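Presented below is the structure to which this report refers.
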């Protein structure tokens, strides 16, 4: 019995460490064009917000507007290079397809509904950089809420 409890404790510790590690990652850092877009915008990885900071909304209160805009420009650059965005316009269908491929979400999945809501919320924004960061922040926040609600279930 003690061994079983120890295994459960270790599993919980590993799961917590993994979630913490993911939240410390920089937004967009897992994508191919990350370094290219950083260079194109004259930024370093230190300039980019962490996933945890963005999913919790702390990026809005902890940073100046220029930092928000620069992070958004890097996000827009990656979205554009991946064919998901052209200027300030989304390719909504391609964005859904890529999101499903990346997350493994199935039809009816609340994550897809969240993505759709985030695209709808930001679609009329004209500044491509601000629009991109707000979209990414919206999706990350929704994923965090959905993850929390599924853990509590």
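Keep in mind that glycine also has a Cβ here, set from the backbone N, Cα and C atoms.
Copied over from Swiss-Prot, here are the features:
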type	residues	note
DISULFID	37-77	disulfide bond
DISULFID	73-129	disulfide bond
DISULFID	118-138	disulfide bond
SIGNAL	1-19	signal peptide
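This view paints the features noted in Swiss-Prot onto the structure.
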residue: 37; record: disulfide bond; DSSP (3 states): helix
residue: 73; record: disulfide bond; DSSP (3 states): helix
residue: 118; record: disulfide bond; DSSP (3 states): helix
residue: 129; record: disulfide bond; DSSP (3 states): helix
residue: 138; record: disulfide bond; DSSP (3 states): helix
Practice task
Pick out which of the disulfide-bonded residues 77, 129 has the most other Cβ atoms within 10 Å of its own Cβ.
Solution key: 77
Problem - Cα proximity to residue 118 (disulfide bond), best match among disulfide-bonded residues 37, 73, 77, 129 - result: 129
Practice task
Let me know how many other Cβ atoms fall within 10 Å of the Cβ of residue 118 (disulfide bond).
Solution key: 20
Practice task
Sort out the sequence-distant neighbours of residue 37 (disulfide bond) for me: same chain, 6+ apart, CB within less than 8 Å of its CB, listed by position.
Solution key: 28, 74, 77, 78, 81
Exercise for the section: Could you measure between residue 73 (disulfide bond) and residue 138 (disulfide bond) for me? Cα positions, answer in whole angstrom. Expected result: 16
Completion exercise
Integer Å value for the Cα distance linking residue 138 (disulfide bond) with residue 129 (disulfide bond) is 14
Exercise for the section: Across all the protein chains here, work out how many other Cβ atoms are within 10 Å of the Cβ of residue 73 (disulfide bond). Expected result: 21
